[in-house]
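Peer 1: So that we are looking at the same thing, I have put the structure below in structure tokens.
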Amino acid sequence: MLEKRHGDHHNANIKYGTFVLVISLLVVCYIAVRNLTQPEVRARTKRDLRLPLWLSVLLWTALVIGMGVIHVEELNEAAKRFGRLCYALLPLIVFLAIRPSPLPRTFYLKLLPLHKWLGRLATLVGVVHGVLYTVHFVKKNEFYKVFKFDNFLGVIILAVFLVMVVTSLPFFRKRMYSLFYTIHYLSAWFVAIATIFHARPGVGWLFFWVALFMGSSLLYRVLASSTVQIESTEAMGPDLHRVTFPRSILPEFFVPASHIRVSRTLRNPLSWISSTHPYTISSLPSDDHVELIVRPTKFSLAHAASGTQFAVYGPFESLPDDFFSTANRVLVFAGGAGISFALPVVQTLAKAGISHKLVWVLRNKAGVSEVESRLGETPTDIYITGQDPFLGEGVVYAKDAEGTAGLLSEDMEMEEIGQEDEDRERDELDDLLSEDEGSSSQDSTKGAHKNKGKDQDNGKREASQSITYHDGRPQPADTASAYFLDRSAPEGKWILACGPNGLVVTAEQAAKKTGVRFCNETYSM
């Protein structure tokens, strides 16, 4: 009589993996319904239906651990259970990283924190799976089985998981984002495919969903991308460059301040394992070209010659759906190349007759004249810090990372996403407007104090009736308090921020203090 090779529990764990998959699909449905029924950016008086990140992670951890130990009688049964649960998390992990998100009114970056923590949870569960199986083999005096092909493949998969976690930590990701992205992308495909040959019983149904999500993302990029040639590049100063593309690459209308993603042409094999670069469109739909205002970085866009080909896809909206329909008073903070986001916003507000004001922070005055003529009658305060970020002195702002066009995403560690430069940009300060900055130079600090409270009466140096220059740095809280004296009807009052993290954070704090709505540039990819 033949003895069953795996015992009665060989297929018992399949249902637990299926249960995690069903829960994952329900979570996706919840996010979709939530974003359809609740604005992405709300007035403070409206109820927030979002679960805090820590609570979501805690619930997932409790769910996975609970299912890993329930009705378990043998060590190897627990080992198998945790292995299947680890792989069952992959469909949701992959889905949360798809860009652009297929969910309605969903910014891809808003899903990345949960993606990151579920990935860490999956790695932890994978470690438990490996440790339990190792203990089982040792107890049975069968350690040699670790080196069987299908079992040793599991050891390699676990090692790849650990590499993905280590390279995703801030100290690595911030400094070598391109390498992190390549490792992450190739490792995800390896884990998804290799587990097919490692897992017993098979994981075909789970792999179907992983392959569907990853494959559809690739297919979208192929279908949505177009190969275009640069019309011109022009230096606006040492830190800013203007790049133009033919107007025909975008539809007749797009929402102002939308962004596109740029990469090497798809004919280049490296483009498939490299991250794309998001750039905000600084021109308006009515202009006869597509303009980007960028910083010179390792990605060759700023220095590319006319006629150089790139792959472009988009545009993707960055502003909330109801911004232009609800706004009646808007304060915009921009840092450096963040003007690429602010410029089309204030131009559109001016045409619509909506009250607005711009605060732009720069290291030096180079390139300002290129923008002044397009500001029209927009009330503008321009702050010149006068310091080089690399000197480590004075009031500084972080040189914007490659590909972000000087704009940031969110404050939930999202400043680390989409940042492509691999060395000096990642080491710079991003605390431009920190209230407790202790390293400000005397001149800059004096300039800041001299201008404090004078934003409404021409400041330190008046350039025109609408543009005022200041030395030093602004105080967003004071500027916002003075601009939003009337605190009634907060639904129509907005603060927008685009620039280094310090600027975004202090602008958001000012919005909370004054009770108005807040939005910062977030790539909906």
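Backbone N, Cα and C atoms are what each Cβ position is placed from, and that goes for glycine too.
Values in this document were obtained by computation on a predicted structure and should not be read as measured data.
Below are the features listed in Swiss-Prot for this protein:
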COMPBIAS  410-438  compositional bias 'Acidic residues'
COMPBIAS  453-463  compositional bias 'Basic and acidic residues'
DOMAIN    82-194  domain 'Ferric oxidoreductase'
DOMAIN    215-344  domain 'FAD-binding FR-type'
REGION    407-478  region 'Disordered'
TRANSMEM  13-33  transmembrane segment
TRANSMEM  52-72  transmembrane segment
TRANSMEM  82-102  transmembrane segment
TRANSMEM  118-138  transmembrane segment
TRANSMEM  152-172  transmembrane segment
TRANSMEM  179-199  transmembrane segment
TRANSMEM  203-223  transmembrane segment
Peer 1: Count, for each of 118-138, 179-199, 203-223, the Cβ pairs lying under 8 Å from the transmembrane segment (52-72), and report the range with the highest count.
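Peer 2: If we count Cβ pairs closer than 8 Å to the transmembrane segment (52-72), 118-138 scores highest.
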Peer 1: Which residue counts does DSSP yield for the domain 'FAD-binding FR-type' (215-344) in the helix, strand and coil classes, in that order?
Peer 2: 30 helix, 45 strand, 55 coil
Peer 1: If you average pLDDT over the domain 'FAD-binding FR-type' (215-344), what do you get?
Peer 2: 90
